[in-house]
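Here is what TrEMBL records for this protein:
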type	residues	note
TRANSMEM	25-41	transmembrane segment
TRANSMEM	68-91	transmembrane segment
TRANSMEM	103-123	transmembrane segment
TRANSMEM	170-194	transmembrane segment
TRANSMEM	200-222	transmembrane segment
TRANSMEM	243-269	transmembrane segment
TRANSMEM	289-311	transmembrane segment
Amino acid sequence: MRALLAGLAAVNIAAWGWAEYALGAQPVLMASALLAWTFGLRHAMDADHIAAIDVVTRKLMTQGRRPLWVGLSFSLGHSSVVILATLLLAVVPAHGWLDRWHLIGGTVGSVVSISFLLVMALANMDVALTQWRALRAGAGAGAEPSVPGGLLVRLFHPAFRLVSRGWQMYPLGFLFGLGFDTATEIGLLGLTAAHAAHGLGLAGVMVFPLLFTAGMALVDSIDAMLMIRAFGWSARSGRRRMVYNLVVTLASVMAAVAVGLVEAVQMLGDDGAAPAGLAVRAARVLGDHFPAVGLGIAALFLAIWAVSAGLDRLAPARRP
């Protein structure tokens with residue numbers, strides 16, 4: 001983990017070095033560079049990012065893997081779309097092609113995101129059912145079964161194998177990124193288009209997606225590392241360990257389902273009579289604040305970890 005963090009820090013420093021060189025340390029351009037970097041930091045906290053990274057991290061850890069590269073691979077796949085779009089925007093006049101891309105890519109990205117989150121929720125739900133049965137049967141007397149093998153896995157086995165290694169999150173991140181339907185991505189493209197129109201060269205224009213990528217990769221990787229620590233924590237009591245694992249698995253299921261449903265309602269719903277219209281409007285409000293929702297999901301897992309660790313420390317003192 002330390003090596004990955006050091007590498008990401010070095011990449012961010014190098015990106016800022018390129019920014020200073022390519023932009024000539026001009027205050028206006030450097031301010032735009034800072035904005036692009038913060039766009040990346042903020043976009044990494046979008047709820048679909050956090051839910052996808054966390055639910056896959058949980059799934060892989062139940063299979064005995066240590067998915068250190070999940071967050072980085074996802075963010076690199078996502079940012080590849082941003083880099084490609086920025087490059088095209090810098091060299092090709094935007095005569096409506098970006099709007100057409102947004103229309104088609106938005107549908108593809110939303111369908112992929114919704115489908116993937118719900119399938120991974122099913123995978124983790126099967127794990128939770130296995131953990132629940134083990135808890136009732138053994139109450140910590142034996143080893144907790146970790147690899148899912150229930151009915152849902154048998155029914156959806158090909159889908160559950162979509163991501164069996166951390167690096168496989170790269171193509172998923174690419175598909176998630178096709179829509180350009182968030183304020184941060186739209187803001188980045190607007191920033192790029194404005195400076196390209198005012199004569200900024202290609203080397204300078206590409207500073208903005210690079211900084212966006214560096215910031216997003218840093219935050220998504222940190223999220224994956226924190227989830228590895230949280231999901232990998234082990235209580236001293238076998239029963240408490242099993243309860244904790246069940247709780248975090250259920251939390252990952254609920255997060256994935258909630259985010260998937262919000263995206264589905266946004267895509268399929270329309271404003272109308274209550275209660276359907278109210279649900280659509282609520283989903284759009286949540287969608288407009290996806291970074292806050294993502295931060296809340298990450299905070300929930302960390303809170304479960306902190307409370308469980310605290311109770312585990314206090315538990316021996318309560319024993320007679």
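Yeah, the Cβs are placed from backbone N, Cα and C, and that goes for glycine too.
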Among 68-91, 103-123, 243-269, stretch most in contact with the transmembrane segment (200-222) (C-beta, under 8 angstroms):
68-91
Same-chain residue ranges lying at least 6 outside the transmembrane segment (68-91) that approach it to Cβ under 8 Å:
1, 4, 8, 40, 44, 49, 52-53, 56-57, 60, 97-98, 101, 105, 166-178, 180, 185, 188-189, 192-193, 196, 202, 205-206, 208-210, 212-213, 216-217, 219-225, 228
Under 8 Å between C-beta atoms and at least six residues away from its ends: which parts of the chain pack against the transmembrane segment (243-269)?
47-48, 50-52, 54-55, 58, 62, 107, 110-111, 113-114, 117-118, 120-121, 124-125, 127-128, 131-132, 135, 144, 230-231, 233, 235, 276-277, 279-280, 283-284, 286-287, 293, 297, 300-301, 304-305, 308
Using Cβ atoms and a strict cutoff of less than 8 Å, what residues sit near the transmembrane segment (25-41) while being 6 or more residues removed from its termini?
12, 15-16, 19, 79, 184-185, 187-188, 191, 195, 200, 204, 207-209, 211-219
